Structures are given as structure tokens and as C-alpha cells.
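Undergrad: Before I ask anything, here is the structure I am working with.
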Amino acid sequence: MYVGYVLDKDSPVYPGPARPASLGLGPQAYGPPAPPPAPPQYPDFPSYSHVEPAPAPPTAWGAPFPAPKDDWAAAYGPGPAAPAASPASLAFGPPPDFSPVPAPPGPGPGLLAQPLGGPGTPSSPGAQRRTPYEWMRRSVAAGGGGVSGKTRTKDKYRVVYTDHQRLELEKEFHYSRYITIRRKSELAANLGLTERQVKIWFQNRRAKERKVNKKKQQQQQPPQPPTAHDITATPARPSLGGLCPSNTSLLATSSPMPVKEEFLP
């Protein structure tokens with residue numbers, strides 16, 4: 001309002017009309033008046049008259065994927081045709097794929113009395129080839145029937161040497177009681193033995209030699225007489241007269257006296 005008052009004064013600084021037409025507050029300052037609003041499209045709902053109507057949907061939707069190629073059908077062939085279902089099967093009853101499974105027959109009295117693993121039970125191919133307790137049966141068979149009952153593995157059996165092998169081993173033992181590693185490997189290769197067998201033979205041969213030498217020494221030594229400490233003198237028993245010298249005459253001259261036996265009536 002103050003601005004309008006200043007502009008309305010006749011001042012030489014602002015010649016001509018002071019108020020421009022654009023500063024007016026009337027409706028002429030904003031151009032021609034707006035046309036009147038159109039009547040509402042929905043008379044029952046006047047508040048929604050300003051809402052524009054929705055655009056019409058397209059006439060047809062476009063295909064999201066391209067049509068299948070002809071080479072796929074040529075490569076894999078046409079798919080299996082679906083069987084046409086009859087109206088009766090669709091109306092009532094289960095589908096043909098879900099037919100009820102017949103229940104197995106119940107076990108009779110003979111099957112209940114038969115134990116597990118009997119002759120009627122089918123066995124697997126592995127069980128037919130090998131029984132479950134085969135290793136136990138072998139040990140029982142080896143332990144019974146006149147055998148001592150001691151089970152010995154294959155590695156613990158005594159090695160039987162030939163005459164040629166024993167002769168060569170004895171020659172080597174005559175030169176050296178303890179064989180060297182190099183000579184042991186050479187001797188094992190020449191005789192067809194292992195180094196362990198040669199080593200064990202030399203160990204047993206040395207033990208046998210010690211036993212023989214000990215026995216010879218015991219035979220050569222004469223039996224030693226008993227020493228003075230082993231002989232103990234037994235004291236002589238004193239005579240009866242030495243114990244009681246005054247009673248010796250009585251014992252010599254004493255005679256038995258007759259004893260009369262009287263029996264009362």
C-alpha cells in the first residue's frame with residue numbers, strides 16, 4: 001500500500017502515469033479471465049470432477065518372447081501328445097497314475113515260525129561267496145582234531161635250510177662269528193635267502209655254540225668234595241647212668257615183683 005501511495009503522487013522524477021498497468025491488483029493485470037469450469041463428469045461425486053479419465057487399454061498385448069524356431073522342432077521332434085481325458089475320469093475317481101497298490105499278503109504261521117536267516121531267506125551274492133564266520137571256522141579246524149591247539153602264523157614257522165645253504169653258512173661262521181653287513185648281503189644273494197634269515201641263523205648259531213661250550217666246561221670239571229663248613233658234628237647222647245649214677249645199682253638188681261590180683265565178690 002505504501003508503494004502505491006508513493007507512485008500515485010505527482011513527482012517530476014516519474015513522468016507520465018506512475019502506476020504501470022502490470023502492477024494493478026485487478027483482474028485485468030492477469031490477462032483475460034479463465035473460462036468457466038466444465039460440468040462434472042460424475043454428478044453424484046462432485047469432488048472427483050477434476051480427475052482425468054483413465055486412458056483406454058491397448059487393443060492387444062505384444063508377445064513377450066519370439067516364436068519358437070523351426071530348427072528346434074526338427075532336431076528334437078514333436079513332443080508327446082497329452083492323452084485326452086474323458087469326462088467320466090475327470091468327474092469322479094482317482095487318476096490312472098495313482099492307482100491303489102495292492103497290499104502284500106500277511107505272513108502265515110509257517111513264516112512266523114521260521115527264524116531269521118533260514119533257508120527260505122534270500123541271501124546276497126557276497127554272503128553266498130563267503131560265510132560271515134569263515135575265519136573263525138578256520139581257526140577252530142586248525143586247533144582241533146589231534147593238533148596241539150597253538151595257532152602259528154606264516155612268519156613264525158622255522159625256515160628249513162638245504163644242505164648246501166647250511167654248508168656255506170657254516171664255512172662263513174668258521175671264519176667269523178659276527179658277519180658284516182656287506183658279506184651278509186652277498187651271502188644272502190648267493191644262497192637265495194634274505195638278509196634277515198642270514199642274520200637269524202648266525203644268532204642261533206652263536207647261541208648254540210655258547211650252550212655247547214658251557215656243557216663241555218661242566219663235564220671237564222671234577223666234582224668238588226664237601227668243605228669243612230658243610231660237615232657238622234653231631235653231639236653224642238649221654239648214657240642213662242651218667243644222668244643218675246646212684247640209681248644204676250637199683251636198675252641192675254631190681255626184679256619184677258609178683259602182683260596179686262584180687263577180685264571182690
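Cβ from N, Cα, C; glycine included.
Note that the coordinates shown come from a computational prediction; the quantities given were computed from them, not determined experimentally.
Annotations per Swiss-Prot:
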- 9-152: region 'Disordered' (REGION)
- 30-43: compositional bias 'Pro residues' (COMPBIAS)
- 73-92: compositional bias 'Low complexity' (COMPBIAS)
- 93-108: compositional bias 'Pro residues' (COMPBIAS)
- 110-126: compositional bias 'Low complexity' (COMPBIAS)
- 154-213: DNA-binding region (DNA_BIND)
- 157-178: region 'Interaction with DNA' (REGION)
- 196-207: region 'Interaction with 5-mCpG DNA' (REGION)
- 206-265: region 'Disordered' (REGION)
- 206-217: compositional bias 'Basic residues' (COMPBIAS)
- 245-256: compositional bias 'Polar residues' (COMPBIAS)
Undergrad: Under DSSP, the region 'Interaction with DNA' (157-178) has how many residues in helix, strand and coil?
TA: 13 helix, 0 strand, 9 coil
Undergrad: So, by DSSP, how many helix, strand and coil residues make up the compositional bias 'Basic residues' (206-217)?
TA: 12 helix, 0 strand, 0 coil
Undergrad: Return the average pLDDT for the DNA-binding region (154-213) as a whole number.
TA: 90
